[in-house]
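Features of the protein shown, as given by Swiss-Prot:
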type     : residues                          : note
ACT_SITE : 174                               : active site, proton acceptor
BINDING  : 124, 125, 126, 127, 128, 129, 130 : ATP binding site
BINDING  : 130, 162                          : Mg(2+) binding site
SITE     : 28                                : site 'Transition state stabilizer'
């Protein structure tokens, strides 16, 4: 049963009438450009064919009812007429409440809604299940009540909800690619202007995501420390963000910086340059150059930004040994576990899957999860 059929059926059972709309918003994988988003830099993600799906209908009162199919059909209910506060027990509900509250704060006028939510974006894997949920909820209200919001505004609203209501300092990339993704393309995003450029993906190349299944948490983790270190670096250069610092400026005074901060800054500056170059390599179908840039990105995350773990490095090495210079592989996401992403010619996928199955668990004691994805369309009706 598809997520659409599942949520429509649950909706009718739970609420006693049929849903009027079904909305989807995809998860994402970032091909290159890690931790650059909150430094006003560049990222190159693509939306993937794993998504959050919401069957919904408008109500004629001011009540919001939300059922989470993936959490034993837990039900959250709140009113649009009283201040929206955090749910004491259901963390999933806070993503919904946060999005609704921030849409209100943006002076959008809308009525009540019934929703049933289900998704297949793996959670805790760094594939943006939370951003996909935020964008899906924002798109539901935009569609049901014809709100004057474009994809970028729905994305910004989701980011605000996660930063201020849920309490995680995420950048804008995850929500933006979920809202604006384009089938068969990656999206080069300028995280300062929010300008996007669709970059066509080479034919015959699979986007493979392998979850290390080494558990990670983002809220309250090292993520926020890295962000502070980057802000310290920007202050040292008296710039609003590291986006405004050149490699030459950095090299001239790197020795004056705290050594740890210097490493963090170097990662961001070199990663930005790699990301812009990667977009052209991808567009030209130059998988060899793309692979080199992904390898440099991984080394920089491992040695300068220090966000990889041995399990992730092992996975990258196993894949690299199979694909050589025919594709690319690196850690993706916030770090400290999660997933690696690989761009691999389709004919090499079985060999990669076999090598990983034979070696990863033997070396780490953890069984991986293997996903072959297609670059997919952003949020909308399904």
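Numbering starts at 1 and runs along the chain as it is shown here.
Glycine is treated like the rest: Cβ placed from N, Cα and C.
Features recorded in Swiss-Prot, as mapped to the structure shown.
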residue	record	contacts (Cβ under 8 Å, 6+ apart)
28	site 'Transition state stabilizer'	45, 46, 47, 48, 127, 128, 131, 132, 173, 174, 177, 178, 181
125	ATP binding site	209, 211, 333, 338, 339, 369
129	ATP binding site	27, 52, 119, 121, 122, 123
130	ATP binding site	95, 162, 166, 168, 170, 174
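By neighbour count, meaning other C-beta atoms within 10 Å, the densest spot among the binding-site residues 124, 126 is 126. Residue 127 (ATP binding site) has a Cβ environment of 28 other Cβ atoms inside 10 Å. Shown are the recorded positions 162, 174; of these, the residue with the fewest other Cβ atoms within 10 Å is 162. Residues 124, 125, 126, 127, 128, 129, 130 make up the record's ATP site, and a Cβ search at 8 Å around their centroid adds 27, 121, 122, 123, 333, 338 from the same chain.
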